[in-house]
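Notes follow the structure.
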Amino acid sequence: LSRMSAMLQLPLVVTAQVDLVLVLVSLLALWTRLSRLSYPNAVVFDEVYYGQFVSFYMKRVFFIDDNGPPLGHMILALGAYLGGFDGNFVWNRIRAEYPSSVSVWSLRVLPSLCGALCVPLVYLLTLELRFSHLSALGAAVLLLLENSLIVQSRFMLLESVLIFLVLLAFFSYLRFHNAPTSSWFRYIWLLLSGVSCAAAVGVKYMGLFSYLLLLGVAFLHAWNLIGDQFLNVCVQCVCRVVCLLVVPVLLYVFWFYLHLSLLNRSGPHDQLMSSAFQASLQGGLSRITQGQPLEVAYGSQVTLRSSASQLIPCWLHSHKENYPVRYENGRGSSHQQQVTCYPFKDVNNWWIIKHPGRQELVVDTPPRPVRHGDVIQLVHAMTSRFLNSHDVAAPMSPHAQEVSGYVDFNVSMPAQNLWKVDISNREAESEVWKTILSEVRLVHVNTSAVLKLSGVSLPDWGFRQLEVVAEKLFKAHGSSLGWNVEEHRYGTSQEPKEREAELHCPTHIDVDRKISFWAKFLELQWKMLTVKQEESEHKYSSAPLEWITMETNIAYWLHATTNAQIHLIGNPVSWGVANLSLLAYQLLAAVYMLRRRRGFKDLPDAVWDQFVCLGCVCVGGWLVNFVPFLLMEKTLFLYHYLPALCYLYLLSPVHTHTNKHTHTHLLRLRLTSSVPAAGCSVEETFCPLTYGSPELSANQLRELRWRDTWDILDRRH
C-alpha cells in the first residue's frame, strides 16, 4: 500500500510528444478537402455512375458492377446511409440538382476524409522510408497542393479511397519492418497492412497491383532473414503468410458476403445470373419459381434455359413456322418445325418430359423422377412436336446438325427424337434431375451430338431468334452445352387445349431450394471478370501516355447558367517535379549500379539499401499502377493516373534531399522553399476550377488554358 501511495502522488503528469508539422499538414488537408463540400449541389461527373449503386444498396437491390468489387460501393453507401439517404433519387444525368431531402455532404464525406488523410499518411510513410522530416514535409506539401487530388477527393468517387488504403498498407508494413524485433506489438501493424491490402483490392481491382508489389517487398525482407535462428525465421514467415496472404483472401471473400447479404432483392442485373442465383433473390424469378417441384419427373412441364455465358439469357423455344425448303445460299433443309432459343418469357418456351415407352404426357402418382443417364423425349407443349435432330446441316452453322420439331412428311426421314440426360454437375451416378440446380446436357441418342446454343441470330424467316444446333461433343464449346430447368410444373392434362390452359396455372409444392454462399460468390466473381459491358468512346477519355505530360483534362461540372465550373486538372508544378524526379532516379540508379559493379561505392551500404527501398516502393508503385493501363482495351480517363502519381510525389522530395552528388546544402534549401511556393501559387491560380468558385470571366478562363489540348468551357452570354 505504501508503494502504491508513493506512485499515486499528486500531481499526475502525462508527457506526450506531438509533431506539430504533422498536425499542421493534417489540418490543411482537412480544410482543402472538406470545406464547402456540399457545393455544387448537383451530380458531378461519375457521381451519376456510383450513385445508382448507392441507391441499390439503400433499396437492397442486387446489381453487378463489372468494373470492380463491392467494398468501394459499400463505403459510399455507408456515408449515404448515415446521412439518411433512402435511395429515391434518379441518377440519370450530370448536373441534375440534388433535392433538399438528400444530404450531399454525407454522400461525399467519406471519400473526402480518405483524400485528406492521404496527406499525413504520405508524411508518415516518408519517415518510415528513413528520410528526414524535411523530406516528409515536402512530399506532404506536394500532395496537399495537387489540384487533381483535391477535386477527386471532394466528390462521391473512389480514387481517393483507393489511394488512402494503398498508402496505409505500405505505411503499416514499413512500420512493422522498422519496429524492434523484440516487440510483439509490431504484428498489429503487419495485420493492419494485410487488412488495408484486402480493402484496397475490394475497392478497385487496380489495388491488386500495389498489393502484389507489397508482397514482393515483404518476400525480399523475409529472404534476408535466412541465416537467423530457424525458429525465428519460421515464426516470421508464418506471421507474414497469415497477415499478408490468408487474412486478405478471407477479407476479400467477406466483402462479397456482406454484399450478397445486403442485396437480397431482385434487380435489373438478374438476367446475367443463373436461374439458381436469381431464384435466391426476393421478387423477380423467385416469385415465379416459388413452390415449384424440385425433382423433374416424366410428364413434367418445363422451360429450359441455356447456361451459355452471354449477356442475354434465352430459353429453348419452338413455334409453328418451319425451316425454309432452301436457304439463301442454296442449301436445303428438312422443312420441319423451327427450334430456336428465345430471349423472352413466352408460352412457346414450354416443353414436356416424356417417357419413350409411354404415350401419357402427365405426371404419375407418385411422380417418377428423371435421373442421370435416362433416355427421354421432349415434346413441345403448344404444338406437340417432338424435339428432333438428324444428319441435316443447321441453317447458320452447317458444320452442326439441324434441330427441329419433327414433322412426318412421308419421306425417307424417320424421327430421331431420343435424348439422353447427362447431369454435368451431378454428385452421384443415379442423381435425380433437379429444377434450377441441375445443369444438364442433352445428348442425341442416334448421333451422339449435344444440344447447344450456337449464339448466331437467324434471318427474318427465323424472327431473328438465336440458332439451336446439335454438335458432336469433341467439337462443341463447353459453356454453350448446358441447360437447366427454370420454370417447372407437374402436368396433369393430357388434351392439348387443357394443357395450354394448365401452363398458366402452376402447381405449387413447397420445396426449400437454397443456393450456398460459395456457389453465389464463385458465380458472381466469374461474371464480374468475364461479362463486360460494351465500351463506348467518351469526350474526355484519354490515352495513358497523355497523362504523364498532362495533355488532357476532364470537365466535371458546369453551372447551368454561369461560367462556374470544376475540372480535373493537375498542378503543373508538382506534376513536372514528379516527372523530373522519376527520370533523375532512373539515371542515378543506372549510374550507381554501374559504378558499384566496378567497385566504386558512392553510397554506403546502409544508404544504398535505403535508396533501393525507395525505388522499390516509389518507382515500383508508379510502374504497377501505370503500365497495366497501356495494355488495357477500355475507356480510360485522367483520374486513373492519380494512384501512380502519388508514388512519384513520395519520390520527389526524398530524392531531392538525399542525392549528395547533384545538390549542395544551399541548393536543397532553395528547392525546399521555391518548389512548394511555386506549387502553392499555381494551386491558388487553378482554385476556381478546383472548387467551382468564384465564377471567372471568359478572358480569365482563356488565361487558365495553359495547354491547347485542355478543354476549358466558356459559356457565352
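Glycine is no exception: its Cβ is also placed from the backbone N, Cα and C atoms.
TrEMBL has this to say about the protein:
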TRANSMEM  12-31  transmembrane segment
TRANSMEM  105-124  transmembrane segment
TRANSMEM  156-174  transmembrane segment
TRANSMEM  186-203  transmembrane segment
TRANSMEM  209-226  transmembrane segment
TRANSMEM  238-258  transmembrane segment
DOMAIN    293-356  domain 'MIR'
DOMAIN    367-424  domain 'MIR'
TRANSMEM  573-594  transmembrane segment
TRANSMEM  606-631  transmembrane segment
TRANSMEM  637-654  transmembrane segment
For the domain 'MIR' (293-356), residues assigned helix / strand / coil by DSSP: 3 helix, 30 strand, 31 coil
Which of 12-31, 156-174, 238-258, 606-631, 637-654 contacts the transmembrane segment (209-226) most, counting Cβ pairs under 8 Å: 606-631
Close approaches to the transmembrane segment (573-594) from elsewhere in its chain (Cβ under 8 angstroms; 6 or more beyond its ends): 142, 145-146, 548-550, 602-603, 608, 611, 614-615, 618-619, 622, 645, 648-649, 651-652, 655-656, 659, 661-662, 675, 678-679, 681-682
Segment-level pLDDT (mean, integer) for the domain 'MIR' (293-356): 88
Residue counts (helix, strand, coil, in that order) that DSSP gives for the domain 'MIR' (367-424): 0 helix, 26 strand, 32 coil
